[in-house]
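Structure first, then comments.
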Amino acid sequence: MARGPSWMATVLAVAVCALLGLAALGGARAQQLNPGYYDGSCPNLYDTTRRVIQEARAGDPRILASLLRLHFHDCFVNGCDGSLLLDETPTMASEKAAAPNDRSARGFEVVDAIKAALEMTCPGIVSCADILALAAEISVELAGGPYWRVMLGRRDGLTANFNGAQNLPNPTERLDELKRKFAEFGLDDTDFVALQGAHTLGRAQCSSFQDRLYNLSGTMRPDPTLDQAYLAELRQRCPAAVSDDDAALSNLDPITPDTFDNSYYAGVQRGRGLLRSDQAMLSAPEEGAAATAPIVGRFAASQADFFHSFATAMIKMGNIAPLTGSMGEVRRNCRVVNGY
Ligand code: HEM
Ligand SMILES: *[C@@H]1O[C@H](CO)[C@@H](O)[C@H](O)[C@H]1NC(C)=O
């Protein structure tokens, strides 16, 4: 009599194990991230991180933009593993020295301050990769943008990837090439257009768009897609004779530079995308803008639509190849691997 049920229990147990095994094989890495990862081990994580960012912001309104960008530059190189934060050593080149980051990526001191504050209350618990993910969300929120539940549980990588950082998206690349770089990480056209909307915050140096003002791809002419009044304004700030001192900064969103809103897309619609890569989404038909232009229009028309898509895309970006379980480590100091 007892045979039937026990036989069935065995079959069931085997089936459950097989299912769990399959689940573990498919996308286990991303599945191990969850918003409550530190609820027990570091309950003050969110409040502490937010407080340090607020303090930094009081003296430097741009810091929200800078922190948001760090998460992007981290995730696109070796996955979201904090590799961007490692300083150079005699045997390892730093990602910070790669062209897209050199004299451009900023906010590292604030990341240090967040880490130091967390090490006081929950030592050795919170990874630097997770600090970047959380700081990005808090920065967007503080600037007036959307809120989302940040997935957590990433661990920190043991090495930097200088060459990977050299290959980060570059504003002079073709739109189709830029889209390919996002698609490689499972980020589709909607994600791509939404994530570019991060340029609703922050600044760029003249060197990031100088070619558009005087000599677009060797034509000796300015970029024809640039609005004329905007071109004149930018030329004033960025004279033809390039100086080494690239101190002049321009707002990536000329309409509301420090507010996270959808006016960046309205700017693009008016020929006021600052970087070539911003404008190309709408104005480079020969590079595949037919797919992205309608999305620019959609986000320009609806801030709610943009906010929703941005939050979704940020969670997807934050899921790029995280280290979980016993992979990597939780760094004590974001600039160096433990025991170095
Ligand atoms: C096609 C992709 C992208 C390209 C080519 C690109 C390129 C750039 C460049 C050239 C700058 C100015 C750097 C300087 O002059 O110092 C910049 C700034 C910035 N980028 Fe991007 N970016 C891209 C996508 C993203 C994404 C996906 C995010 C975040 C989700 C982001 C966030 C930012 C922010 C917030 C700033 C301003 C930083 C500050 O003021 O410190 N960008 N980007
Ligand atoms: C214009 O650009 C081309 C290629 O991008 C470059 O070879 C040339 O030297 C530039 N000319 C000037 C005057 O800057």
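Quick reminder: no glycine exception, Cβ is built from N, Cα and C everywhere.
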Further Ca(2+) 2 ligand in TrEMBL, beside Asp253, Thr256, Asp261, within candidate set Thr190, Thr200, Thr324:
Thr200
Identify the disulfide partner of Cys42 as annotated in TrEMBL; candidates are Cys80, Cys122, Cys128, Cys206.
Cys122
According to TrEMBL, the disulfide involving Cys334 connects it to which residue among Cys80, Cys128, Cys206?
Cys128
Beyond the site residues Asp74, Val77, Gly79, Asp81, Ser83, Glu95: chain residues whose C-beta lies within 8 Å of the centroid, for Ca(2+) 1:
His73, Cys75, Phe76, Asn78, Cys80, Gly82, Leu84, Ala129, Gly157, Ala160, Asn161, Gly164, Ala165
Can you count the other CB atoms that lie within 10 A of the CB of Cys238 (disulfide bond)?
22
Near ligand 1, meaning Cβ under 6 Å from any of its atoms: which of the recorded positions Val77, Cys128, Pro169, Cys206, Cys238, Asp253 fit that description?
Pro169
Could you tally the C-beta atoms, other than its own, that fall within 10 angstroms of the C-beta of Glu95 (Ca(2+) 1 binding site)?
28
Given the recorded positions Cys122, Cys128, Cys238, Asp253, Asp261, state which is nearest to Glu95 (Ca(2+) 1 binding site) when distance is taken between Cα atoms.
Cys128
